Amino acid sequence: MLVLLLLVLLLAVPPRRTAELQLGLREPIGAVSPAFLSLTLDASLARDPRFVALLRHPKLHTLASGLSPGFLRFGGTSTDFLIFNPNKDSTWEEKVLSEFQAKDVCEAWPSFAVVPKLLLTQWPLQEKLLLAEHSWKKHKNTTITRSTLDILHTFASSSGFRLVFGLNALLRRAGLQWDSSNAKQLLGYCAQRSYNISWELGNEPNSFRKKSGICIDGFQLGRDFVHLRQLLSQHPLYRHAELYGLDVGQPRKHTQHLLRSFMKSGGKAIDSVTWHHYYVNGRSATREDFLSPEVLDSFATAIHDVLGIVEATVPGKKVWLGETGSAYGGGAPQLSNTYVAGFMWLDKLGLAARRGIDVVMRQVSFGAGSYHLVDAGFKPLPDYWLSLLYKRLVGTRVLQASVEQADARRPRVYLHCTNPRHPKYREGDVTLFALNLSNVTQSLQLPKQLWSKSVDQYLLLPHGKDSILSREVQLNGRLLQMVDDETLPALHEMALAPGSTLGLPAFSYGFYVIRNAKAIACI
């Protein structure tokens, strides 16, 4: 009877694997920008300029501010169909917003408060229209006004971000030279308003033939960027403004050739090389894709291809992910906006920093599709909370980390110096973040020299009956949600006793701050 009872108890305990961590604390293997985790707004938001006014909602401002500092890229497919018209009247919503910005906040708020409520009720229909247009691959020109630029710049700067604005590259003269006349008008207005903006030209030129029937080679695109650099130098404000490009898509054979040709003719005109990456097609993606080591590892191959081209043409140029997410085509419904998407997002952040990518721009902070950080009602999704923890805990210096285990691809670990701006931590502390892609609990054993150190655990688990397909997440057992429209919750750690193993449940991820680690690389 006793033997039977012991057998039952053993079977009731979840299976567990133990892996030893190998951590390099003596010197960093690289460093990333303080704006490493940055955001995007898809330019399709301006298809109906009324909805740009949503950016003044206090809740969206609070959520964005939590992820600062960073860059906010306004770009995407619609970039190459935006026409600036400085003479077009603002929409009613934009006029109310301008009134709000010009007056005392308390005085103007009652009139402005009507705007977001009305727009939020209309947004779901607009989102469907945008997704339908994207799937039909039918694109038409959209006019943007001075008010649209005003709102974008105000949202970015007031939230702690630098706006990166994508100019239309499909405006062409005979002979396929870029027609910069509309860009001159836009630059002139922004300079007049003293808007501190960085710039791009075009979006995924490797797909221009599909989108518009026009094919432009990399050499010509390089000349276009040189021309844009000359235009910027005509404005004292933009003489040293940052210019990024070429914003190519996945580095397949044709795209690699396009990028290589561009770098030879225009690589010296840009400050950083930008490219885009998605793991899978949103229409056909499965839950298994989000948990597959093979799918996650494919990102490393793409990085290798892009870095190789850059080093062979303009050595030393920084490389950015100018747009990225889990699945292209607006994301994978019921997957890209759930807890399971965090495996792709956290692994991408870790691998990008380890392989030398300087900035990663997440598509999108808010907008149409399933891959956003904030839903249509401004409720933060699991990837938002994951991003918030990353911003709070992870510093810019990258350290080496690995696991000693037969299948080392399923527990995936990354190590950085802890964010020095965090009030609880000090120089020499390190932050480990880890993913468990297996269906059993993974125990991570720290190296012996760290057994005496205290560890703060920040374990993220799905909340509710939907398990890893949940749109809610809990931190150390507490549901994460905003306190009110202007207040993010406190992110409470769970202190682990010195010598504890780091227990990572099946299909989960989390952060571990090793206090008083005295890592030489972080001092």
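The backbone N, Cα and C atoms fix where each Cβ goes, glycine too.
Of the listed residues C215, C417, C417 is the one Swiss-Prot pairs with C522, by disulfide bond.
When the CA atoms are compared, the recorded positions lying within 10 A of E204 (active site, proton donor) are H276, out of the candidates N196, H257, H276, G330. In the three-state DSSP reading, N439 (N-linked glycosylation site) counts as coil. Compared over the binding-site residues H257, H276, the count of CB atoms lying within 10 A of a residue's CB peaks at H276. Of all Cβ atoms in the protein chains displayed, 26 besides its own lie within 10 Å of the Cβ of E323 (active site, nucleophile).
For K253 (heparan sulfate group binding site), the spatially nearest entry among the recorded positions E323, C417, N436 is E323, judged by CA separation. E204 (active site, proton donor) is surrounded by 23 other CB atoms, counting those within 10 A of its CB over all protein chains shown.
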